[in-house]
Amino acid sequence: GAAAGPPRRDFISVTLGPEEAVGVGGYNNSKAWRRRSCWRKWKQLSRLQRSVILFLFAFLAVCGVISYTSMGEAWKSITNKSLDDQRTEQAIPRLKLANPVVLPAPQKADANHGDYPELSLQKPPKLPHVRRGPSNLQIKAPQRDTRLKTRHDTMRAVEELVEVDKAEKTEKSIISWRGAVIEPDQSTEPPSSRIMEPEKPSSVEAEDQKEPVPINERQLAVIEAFRHAWKGYKDFAWGHDELKPLSKSYSEWFGLGLTLIDALDTMWILGLKEEFEEARKWVANDLVFDKNVDVNLFESTIRILGGLLSTYHLSGDSLFLEKAKDIGNRLMPAFKTPSKIPYSDVNIGRGTAHPPRWTSDSTVAEVTSIQLEFRELSRLTGDEKFQKAVDEVMKHVHTLSGKNDGLVPMFINTNSGQFTHLGVYTLGARADSYYEYLLKQWIQGGKKENELLEDYMRAIEGVKKHLLQRSEPKKLTFVGELAHGHFSAKMDHLVCFLPGTLALGAHNGLAADHMKLAETLIETCYQMYAQVETGLSPEIVHFNLHAQKGHKDVEIKPADRHNLLRPETVESLFYMYRFTGDKKYQDWGWEIFQNFNRYTRVPTGGYTSINNVQNPSNPEPRDKMESFFLGETLKYMFLLFSDDIDLINLDKYIFNTEAHPLPIWVPA
Ligand code: DMJ
């Protein structure tokens, strides 16, 4: 050992063997002897040797302190978690931590937000469906980095991915945000760092063909309904915005072939290739945006921009991207306002924008539900201006005062950037898709934009605290409204998007009680149909809070008894079926579908909105087929009846609020 020979300066060898404990005078175990002997050995060491040993000791000590601290944190987390669990049982608004994971300590930067509910992400539940293969339309996952062309390329790509994966695994750690644990695999680069690489459409990869899942009877019925609606549109309204099926004519809103564009991706999904080709020709030859016409920013974004983008992704046809760029650019003047909160209207030919004539306010849902589309346009074109404009709106709204536990008022001023008409809170018209897009943007961007998640989670807490009530006699949980502290038992049919959104959040790892709430609310939405004479929901219902003989839960005011062929309940049924596999959701959707056929189908082609859902013998047709009937309602029906989870896989696509699927930037 080092202590045995003369000190050498070029290397160090310390041997601690049994002989080291044996002194000249034989074995002596007394403490004094050991101390003396150690001291003598220490003295015999060179300076360098001593320094190295001291350094080693110091290093070990530091390691010891560090591991002690982190064990303490882990222990604290476990203890806090069990405390949280106890509290949850008493205080419902506090979200339950669903996974027994050890949470890392929250980041310092978040320390001042202690009043937010605790979040937790769960693993997406396993889907109950048997995977039978791809859709008959070869809809593919969004484009990955590596294009797989040949078998050789495929294998090389797999090897590379394994290498990258290995390297990444060593670096990845759990990302924690105020108690929410986001699995590293679910997170992506922030959109801004991806924005400059133009992307390819998501459908073009075509190597891994799987067996098609056969289309079932109910889906065939939806195809037949679509064809019937399309016949009316083609015969009487071709190239115009909306069909008027009774008068066999059309109405114009923007003069941009709204129904045709809204229906493009539905035709693709339903496999209506001939119809699709014909419509494509119209887009190629007749769709012109250089028109002196005022369009509503929100409506044209969700229907036209959204429709073109999703059709581009599904078909891979660059015509649709070119058109999307054109309309996207023409909508940009809307953002030139003092506050950068966009105006409601844009003249797409002149490049001017303005608020409605009577006010300088915009609608909150409108300015906060254009983001999925503009962000995707930036990703596809590599031009960040689209995303910048809409992200700024979200950031601004995030900081605004005037919210009530995350619930937002319905109006926002384009000059001051402040909310107006404070004190009224609804999940219905003028606010609805604000909540939907908080969650959906968060998913689109790879679950990294924490402010969106934070606002979403707070809002759902706000809903639970202020807007939920139960009706009599069936005790249906519904979402009412709050006006200056007064609760109103009024619920728009529009609110029925909420069960689907809650379920989507739960599927993406948010609190399990969101799924419970989704299950309760979809039952209510279904009852909004089932308790009505035609089996179709009115536009607005009022729930009975007190039991009265002969009264159902749902009451309808004369002014609210119309049905516009809206999609929200069917949309939520689709999500519920996808995530639970419970066939009752398909059956409820089937009932609704049949009632649309019974009361809204016009024999000569097309479907119509009706004025009176309470009168089966005369539902009073309104003579208008809204574009969303083809863009959304029939599409969600078809998807609801499908057992093919790859027919628009919800881990790869996110639907905009007009049912146009856009790719999730980094799919699960
Ligand atoms: C559609 O344009 C969209 O679904 C929007 O979010 C709400 N209104 C209609 C359908 O009801």
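In case you wondered, yes, glycine gets a Cβ from its N, Cα and C as well.
Glu299 (active site, proton donor) has a Cβ environment of 18 other Cβ atoms inside 10 Å. What TrEMBL lists as active site, proton donor is Glu299 (among others).
When secondary structure is read from DSSP and collapsed to three states, Asp432 (active site) falls in the helix class. Marked as active site by TrEMBL: Asp432 (among others).
Residues annotated as active site, proton donor in TrEMBL: Glu539 (among others). Cβ neighbours within 10 Å of Glu539 (active site, proton donor), excluding its own Cβ and spanning all shown chains: 20.
Of all Cβ atoms in the protein chains displayed, 24 besides its own lie within 10 Å of the Cβ of Glu568 (active site). The active site annotation in TrEMBL covers Glu568 (among others).
Annotated Ca(2+) binding site per TrEMBL: Thr657, in sequence order. Cβ neighbour count for Thr657 (Ca(2+) binding site) (all protein chains, 10 Å cutoff from its Cβ): 27.
Sequence annotations record features per position, and here TrEMBL assigns compositional bias 'Basic and acidic residues' to 196-211.
The feature disulfide bond is assigned by TrEMBL to Cys496-Cys525. If you take the C-beta of Cys496 (disulfide bond) and look for same-chain residues 6 or more apart in sequence within under 8 angstroms, you find Leu521, Ile522, Cys525, Met528, Ser537, Glu568, Thr569, Glu571, Ser572. In this structure, Cys496 (disulfide bond) is part of a helix by DSSP.
As annotated by TrEMBL, region 'Disordered' applies to 182-211.
Under the heading transmembrane segment, TrEMBL lists 51-71.
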At the Cα level, what's the spacing in Å between Thr657 (Ca(2+) binding site) and Asp432 (active site), rounded?
10
Between Glu539 (active site, proton donor) and Glu299 (active site, proton donor), the C-alpha gap once rounded to whole angstrom:
19
Reduce the DSSP letter at Glu568 (active site) to three states and note it down.
helix
Among the recorded positions Glu299, Cys496, Cys525, Glu539, name every one whose Cβ is found under 6 angstroms from ligand 1, counting any of its atoms.
none
Structural state of Cys525 (disulfide bond), classified by DSSP into three states:
helix
